[in-house]
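Asks: Let me begin by handing over the structure; questions about it come next.
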Amino acid sequence: MAEAVFRAPKRKRRVYESYESPLPIPFGQDCGPKQDFKVFTAEMINNNVIVRNAEDMEQLYGKGYFGKGILSRSRPNFTISDPKLVAKWKDVKTQMPIITSKKYRQSVEWAAELMQRQGQEGSTVQRILQDYTKPLEHPGIKRNKEVEWHDERNSETVSKMEGSADREELPMMNGDPGDRSQQAGLLCAREKGPGDEFVLVEEDVYDVNEKDCAPSEELAPKKRLVCRRNPYRILEYLQLSLEEAFFLVYALGCLSIYYEKEPLTILKLWKAFTVVQPTFRTTYMAYHYFRSKGWVPKVGLKYGTDLLLYRKGPPFYHASYSVIIELVDDQFEGSLRRPFSWRSLAALSRVSVNVSKELMLCYLIKPSTMTDKEMESPECMKRIKVQEVILSRWVSSRERSDQDEL
């Protein structure tokens, strides 16, 4: 068997972020009295592991690139802001989302539908939303013709006053717990928290004086940003794969997973994940192995494999390997998860080569003396051996040219 030649990972042309840490735990020079070991929190919902806390999401993805945003391709950075409006109103220094009036009306409609499904009457829904979505006298925003929105002084005022405005309006958002109508209005927000609680809506404003002077002519509306409450907030969470979640719990001990407000032990997670995903034991062993080698494994479904291996993380390098995982005995026999014919194997190899990746077969070798009872605990990994085989396609023309050079 020929010895595999290591190929350096292919770095991406444009990198928009800096590398923080390989894992979300303090180690080495980071350890100290000010650097405490933090245990993150996740929930198991509908057989998925979800992280809700914004700080936990940032730490888990930023340090090790665990999980992905449920509304994003990778990093959880979803926003309801319209990119064109953000560029248009770039002089308005604000952290609030800027959206179109059409999108805001759509949010109001969604909130009304949600409240009606909860049993609220139509008149009650209309009254609540009418009061909930009325324009707010935001301290940093003036709605009169004398204010120029692109004035730098107003931009600074918006930025400085935004924090105090949020604090002043929060009691109005929360409402009186004893008031049923306020509770119904609060349900439209879907989740407690400050995220996207207020939005800036670009609306058409007509100058009354100009309209009186020229009633027969069509007046071009002026654009203004109006501060309103967001009646239907869309929040993004971090979704962890089962392998990522178990690695954070078992290998690093920095994650606690809850199911119906009860923390799950390592053994319960091992059994529960196996029920949800019958191949979990096999895929996790390979995930654990490659993570311990410094790779960042991600799901390889896009290229027809089990895992993709990245150096540092997806923002910095393209995936180097597409990995197929198999659990076999010490005679390399057993019921294969994915039996290949020569044609299907050659096709998969061709796909990997066309996207500049190498196809790797990862064999997890289980001792013949290991029982099914031992496999019910993650401690069985101590007896598992790993054999990597890199598959390359032999090209006859290339072989002849190499021989001619010799």
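Placement of Cβ uses the backbone N, Cα and C atoms for every residue, glycine included.
Just so it is clear, the model here is predicted, and its values are computed rather than measured.
According to TrEMBL, the protein has these features:
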REGION    148-169  region 'Disordered'
DOMAIN    227-270  domain 'tRNA intron endonuclease N-terminal'
DOMAIN    280-364  domain 'tRNA intron endonuclease catalytic'
ACT_SITE  Tyr310  active site
ACT_SITE  His318  active site
ACT_SITE  Lys357  active site
Asks: Looking only at C-alpha atoms, tell me how far Tyr310 (active site) is from His318 (active site), rounded to the nearest Å.
Replies: 6
Asks: Check the active-site residues His318, Lys357 for other C-beta atoms within 10 angstroms of each C-beta and report the one with the most.
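Replies: Per the Cβ count, the most surrounded site is Lys357.
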Asks: Taking the domain 'tRNA intron endonuclease catalytic' (280-364) alone, what is its mean pLDDT?
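Replies: Taking every residue in the domain 'tRNA intron endonuclease catalytic' (280-364) and averaging pLDDT yields 93.
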Asks: Roughly how many Å lie between the Cα atoms of His318 (active site) and Lys357 (active site), rounded to a whole value?
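Replies: Each residue's Cα considered, His318 (active site) and Lys357 (active site) end up 9 Å apart.
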Asks: Using a 10 Å radius around its CB, how many other CB atoms surround Tyr310 (active site)?
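Replies: For Tyr310 (active site), the count of other Cβ atoms within 10 Å is 21.
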Asks: Under DSSP, is His318 (active site) part of a helix or a strand, or is it coil?
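Replies: The three-state answer is coil.
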Asks: Could you tell me how many residues in the domain 'tRNA intron endonuclease N-terminal' (227-270) are helical, how many are strand and how many are coil under DSSP?
Replies: 15 helix, 13 strand, 16 coil
